[in-house]
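A.B. asks: Among the features that Swiss-Prot reports, region 'Disordered' is placed at 1-73. Summarising the annotation, Swiss-Prot assigns compositional bias 'Basic and acidic residues' to 41-55. Positions annotated as N-linked glycosylation site by Swiss-Prot: 55, 336, 626, 659, 878, 1311, 1428. The feature domain 'ABC transporter 1' is assigned by Swiss-Prot to 157-412. Sequence annotations record features per position, and here Swiss-Prot assigns transmembrane segment to 522-542, 556-576, 605-625, 635-655, 665-685, 773-793, 1193-1213, 1220-1240, 1270-1290, 1314-1334, 1339-1359, 1459-1479. As annotated by Swiss-Prot, domain 'ABC transporter 2' applies to 857-1099. Under the heading ATP binding site, Swiss-Prot lists 893, 894, 895, 896, 897, 898, 899, 900.
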């Protein structure tokens, strides 16, 4: 019985795959053999040199062959499987079911090679293909190569900044990214695009693929696809041109199968070969591509990303490749698609692309930074770019001769691609033929001039003209049109180039939305649980609200709170992390972005409804609202409509903004509008005319009206204790002498009709209810439609490629613009070419002084096991080895072999069951181990606002001992900058990808951050050359070699080393899948020791021209589809080398265990290199500097506070002295408090990036104490909040026109602009450090804020709270902030009631109003507006503002008591923040959400079975 299994660890490349027999060996299936043969591989290759060479020659010949010209050798390779395909094909109607093939089956070779193309041709199904011509193509972008980064200082000097911006914009210049590029790729050809990072390779691919929106200066020249102009191609046939970017962006919580199935489903043609069903087509296409790229074992594993555990980095890259291929483009542009792949898998990728071009006639442009000779030989043509200029285009076998005639000679054992790329490196090694020293071109301009004057260039232009004459453009269009119509769904629009209809796209996106929700359970569970908890608490707060007039305000408060809670929850929808994925799928033409916008809305709706239903049922019946079915379902209906409308509104805002800071600012203003203009806080009659219109454009106003109408229509509210006058002495008076002191009352009537109350207080009419329903539908559909429209038309921000942004005052121009034509010309390139490579020799020697380490790191029988699928899975299997000072050890293996897992385990970064010994000098590692070792991760994660130099200086200060002089640390940093050749951009900000350092520069910074720490034990490097070109990789390895020679111990994983690069290493640790050792020992001169071991143990002989690194990976069966019969792990266990290694490990342990060692860190090991105070100083400086330069964040915060202050001030402008004015003053203070919600969202969005950096990299190196991350985040926010809250104070306080005395104003400022800011900064961070991610933090924050708001005494007076909950009123800090702010505003303020606020009644005959009510007034307060009248007495409930304060349980006398309580709350927030982070992130306590989804999982499984 066969089984397949897999496991992956976040950030690692560990996986298990394969089909296991009862003896544990890999059983090769015909599917494996088929895929291997199609990729040009065979297990017969192991028989010797001839087979290997023959295999390569077959591939080389097939490179230029058509489908009908496949060689007999290729056919012979598959002849042994002769019968099975016919059986399986006949069963499935021509569709090959790879999952059902078994090894004993045989199939017909001709059918498998020609089945798809031949059957399609026989059935009249057209397959599209087209060549590409580029003529004199140039691309220009904004000249941002040396920009200065803006800071908050620019805001402080705003007038000058505005003037400078206008000046720069008027005189803005463009820079040339691509200059006069030409090329020709016929259908079925592969073109390799070579160049260093920044040379324009990615830009050329984007231009070729029609992705030209980002080029601000536009694209010139002619690009045609078999004669079809690019503009027409993009309009009519966009799906056929695919650009696959370098970054692997996927929905991290989807599994591999879900990811591939979705892409295939979006591209499933309507007319399919042999009329197979849609489900069969999806399954077979997925299985085929997953088999080719070795992904079948990962079907049920999440794709993951840098922060979500999933498949390994190499497997994620393969998912990206497979996803692009299933989109069925005819022209592909692959941007560095082999990044992160091991050498064997990279070669298999190239061969797979070769097969698709041969059999399907597709055209491929590919950039590869480190291409082996085998990969190079799979291509037809190659072009070389040098800083945007083309210096060669032609056949691959003529490129080397072209540059040889130019005067350059390829050094021995240097692969062709490396030779070609090296020519464009001014610092690289160039072997010049004798006599050509002064003739060869050296600068980009000279190379370009030589190329354009060459016969090869003239022949290229002739070939392009000839090709354009040969092709029949109209016939190509006809075939394209017919093919697309065959593929297109019958319900799709006629002019649409999408395969499936818009409604099918929505269905697929909805299904994917459900899968994403199920994959990311934490957020959904937190949302539903928050709703249930909040409803229980709030429902009990309003428990059995009185049905009399005393409960009317509370009933409105319950309904308002329901609306406000779900409005706050809408802020959690401001997500930007998925935007790159939507952009990629738009490029692939999988679906309309609008379909995703609608699909995600539909998918989220049921889960929101679950939470909302639970929420409303609980709060509705606990609070004692109208218990009739009609009222309940009307409230339910309008709450649902409003919630969905507000969610759609916030999603609309996110869709229209470029970043989350902008979205948070705008959403904060919208949130204030929702809170203010619902008509609960300020009613329509009291609204100022300049803002009244806002209430009419928000759905909450109509929802609130209809919900109030459902509650109060027809309700008779008894007066209860609100009769005036009443009490002692008024027991026996007639009813006509009393009145309800409530809006809507009538003289002599002891109750108030709910409809009268709503009409007078709110101007609400029952006839509006269903009108409002129609209006809300318009809002909901309008917001959704606008969101879909903006999502559809939103384009990426225009720019000019990678742009360096320098720290203000330090920028350096390395390029100059020609004033006349704007072209770029490099300065002093010749001088740099000839002299610069030797200028850093001295500094390189200086860096290695006193570097020698005496520590030997040993690991013995290391095993690593983790829980998996209800059991345990072993990822490392008794791995042993050692690293000695002065040695450079390579750690190799295919993707999923356990390289990163081993590094993480040895570096003490894994959590799980770890057994075995890890020793330093024979002794167990101590607490200083992490900081005494360096670890360069695969992910290049840095603080974007710091410069390169500042990042290195911070690492040096934190990682080196405090007793090392500051000058020495900084000198060492400067040496590292020189050695890594980072001087030109040392003062450049790290920035983000595309606007900051490029991939190469980021990788160098990652290495530099560890080198400046001067680790005295060991340096771990995980793929340090990934994403770099061959020259940069060589420079990095040479640096490591020098470090090793100086005494450093280095263990380094490496994926695609060239032969020369590989032989720079001293020792090799080779792993196979399962974390099993295959070899550990010396490599030897020219790899002789290593090759001898493999050849002696059954591997074929390695030819002299082969790359040993590729040879050994092939020998052990590495690769996505490869397999071998030998068990190389068992061979290693039985070898003499293994016995020798074990003996040496034991000898080292015995020898070193009794020796005493010394280090820079002193005798007593410590976890951190520096003191807490020293760490605090520099972490605070770094955090403050980062915030100072984050202008988007600061401006968003300033806009929120400034606009918010003006908004509140002029909404409640001069509220007056009436009773309504008192309420509006209370709400003005209350809404000022609510403004903290979006402000805290802003804080959390920024702080999460610092948390992720610390947890992924800095904490693992014990760089500084974890508490400093929290404290410095808190402290760095304070100055900006103080400043912006001062602006808020001025713009909101004085328009209220209450107290202008300096004393009152100053105390108000102290309460809000100082104390409240200190409070909510800490509160927002406290919630963030509790949550697993930002979205969950937003939900938890909304829950907590709703608690604080509900219990502060505004929406529910404390007098009406159940006795149990009065402690929460006393506990809520918002209670005391509101008390003080309202107390200052209303203290000693006289009250003059308006006419409608007066309670009118008649006194008994013969008495004046004053005489009749005197006893009542003495006890209850208030005043009679007409004391001497004998009829129509006018009673006002309050005489001064302090009476109102007493009613809401506040008092001016509480002022300084509350001030003391503020400090207690602020201190509690800080302590809670530290404690929560310790519990959830240091101790690692986490919650499991799977059980909550158990029922949903069962339903899903049943659904699958039924299908």
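Any Cβ shown, glycine's included, is placed from N, Cα and C.
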A.B. asks: Within a 10 Å radius around the Cβ, which one of these recorded positions has the most neighbouring Cβ atoms: 900, 1311?
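C.D. replies: It comes out as 900.
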A.B. asks: Report yes or no: does the transmembrane segment (773-793) come within contact of the transmembrane segment (635-655), defined as 3 or more CB pairs under 8 Å with a sequence separation of 6 or more?
C.D. replies: yes
A.B. asks: Could you give the Cα-Cα distance between residue 878 (N-linked glycosylation site) and residue 899 (ATP binding site), in whole Å?
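C.D. replies: So the Cα of residue 899 (ATP binding site) lies 14 Å away from that of residue 878 (N-linked glycosylation site).
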A.B. asks: Which one of these stretches, 605-625, 635-655, 1220-1240, 1314-1334, 1339-1359, has the most C-beta pairs shorter than 8 Å to the transmembrane segment (1193-1213)?
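C.D. replies: Stretch with the highest Cβ contact count: 1220-1240.
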A.B. asks: Ranking 522-542, 1220-1240, 1339-1359 by Cβ pairs under 8 Å to the transmembrane segment (665-685), which is first?
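C.D. replies: Out of the listed stretches, 1220-1240 contacts the transmembrane segment (665-685) most.
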A.B. asks: Determine, using Cα-Cα distances only, which of these glycosylation sites is closest to residue 896 (ATP binding site): 336, 659, 1311, 1428.
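C.D. replies: It is 336, whose Cα lies nearest.
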A.B. asks: Which one of these glycosylation sites, 336, 659, has the sparsest Cβ neighbourhood, judged by other Cβ atoms within 10 angstroms?
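C.D. replies: If we count Cβ atoms within 10 Å for the glycosylation sites 336, 659, the smallest count is at 659.
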A.B. asks: Roughly how many Å separate the Cα of residue 659 (N-linked glycosylation site) from that of residue 336 (N-linked glycosylation site), to the nearest whole number?
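C.D. replies: With distance taken Cα to Cα, residue 336 (N-linked glycosylation site) is 27 Å from residue 659 (N-linked glycosylation site).
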A.B. asks: Fill in the CA-CA distance, residue 626 (N-linked glycosylation site) to residue 893 (ATP binding site), as an integer in Å.
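C.D. replies: So the Cα of residue 893 (ATP binding site) lies 69 Å away from that of residue 626 (N-linked glycosylation site).
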A.B. asks: Mind checking which residues reach the transmembrane segment (556-576)? Cβ under 8 Å, same chain, six or more beyond either end.
C.D. replies: 527, 530-531, 534, 538, 542, 545, 612, 615-616, 619, 623, 625, 635, 639, 642-643, 646-647, 649-651, 653-654, 659-660, 663-664, 667, 671, 674-675, 678, 680, 700, 703-704, 707-708, 711, 1237-1238, 1241, 1335, 1338-1339, 1342, 1345-1346, 1349-1350, 1355-1356
A.B. asks: In three-state terms from DSSP, label residue 878 (N-linked glycosylation site) for me.
C.D. replies: strand
A.B. asks: Considering only Cβ pairs within less than 8 angstroms, which of the stretches 605-625, 635-655, 1220-1240 has the most against the transmembrane segment (522-542)?
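C.D. replies: It is 605-625 that shares the most Cβ pairs under 8 Å with the transmembrane segment (522-542).
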A.B. asks: Looking at Cβ-Cβ distances, which residues of the chain lie under 8 angstroms from residue 893 (ATP binding site) while being 6 or more apart from it?
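C.D. replies: 342, 899, 1070, 1071, 1072, 1073, 1078, 1113, 1118 - these are the non-local Cβ neighbours of residue 893 (ATP binding site), listed in sequence order.
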A.B. asks: Restricting to the domain 'ABC transporter 1' (157-412), what is the model's mean pLDDT?
C.D. replies: 87
A.B. asks: Taking the Cα atoms as reference points, how far is residue 1428 (N-linked glycosylation site) from residue 894 (ATP binding site) in Å?
C.D. replies: 99
A.B. asks: What's the CA-CA gap between residue 898 (ATP binding site) and residue 1311 (N-linked glycosylation site) in angstrom, rounded?
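C.D. replies: With distance taken Cα to Cα, residue 1311 (N-linked glycosylation site) is 57 Å from residue 898 (ATP binding site).
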A.B. asks: Looking only at Cβ atoms, how many others are within 10 Å of the one on residue 894 (ATP binding site)?
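C.D. replies: Its Cβ has 26 other Cβ atoms within 10 Å.
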A.B. asks: May I ask you to report the DSSP-based helix, strand or coil state of residue 896 (ATP binding site)?
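C.D. replies: Reduced to three states, the DSSP call for residue 896 (ATP binding site) is strand.
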A.B. asks: Which residue, of the recorded positions 626, 878, 895, 1428, has its CB surrounded by the fewest other CB atoms within 10 A?
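C.D. replies: Result for the recorded positions 626, 878, 895, 1428: minimum number of other Cβ atoms within 10 Å at 1428.
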A.B. asks: Taking only the Cα atoms, work out how far residue 900 (ATP binding site) lies from residue 336 (N-linked glycosylation site), in Å, as a whole number.
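C.D. replies: That separation, Cα to Cα, works out to 21 Å.
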A.B. asks: Quick one: what's DSSP say for residue 336 (N-linked glycosylation site), helix, strand or coil?
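C.D. replies: Residue 336 (N-linked glycosylation site) sits in coil per DSSP, no helix or strand.
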A.B. asks: Can you give me the Cα-Cα distance between residue 895 (ATP binding site) and residue 336 (N-linked glycosylation site) in Å, rounded to a whole number?
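C.D. replies: The Cα atom of residue 895 (ATP binding site) is 17 Å away from the Cα atom of residue 336 (N-linked glycosylation site).
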A.B. asks: Going by DSSP, is residue 626 (N-linked glycosylation site) part of a helix, a strand, or coil?
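C.D. replies: Note: residue 626 (N-linked glycosylation site) is coil by DSSP, not helix or strand.
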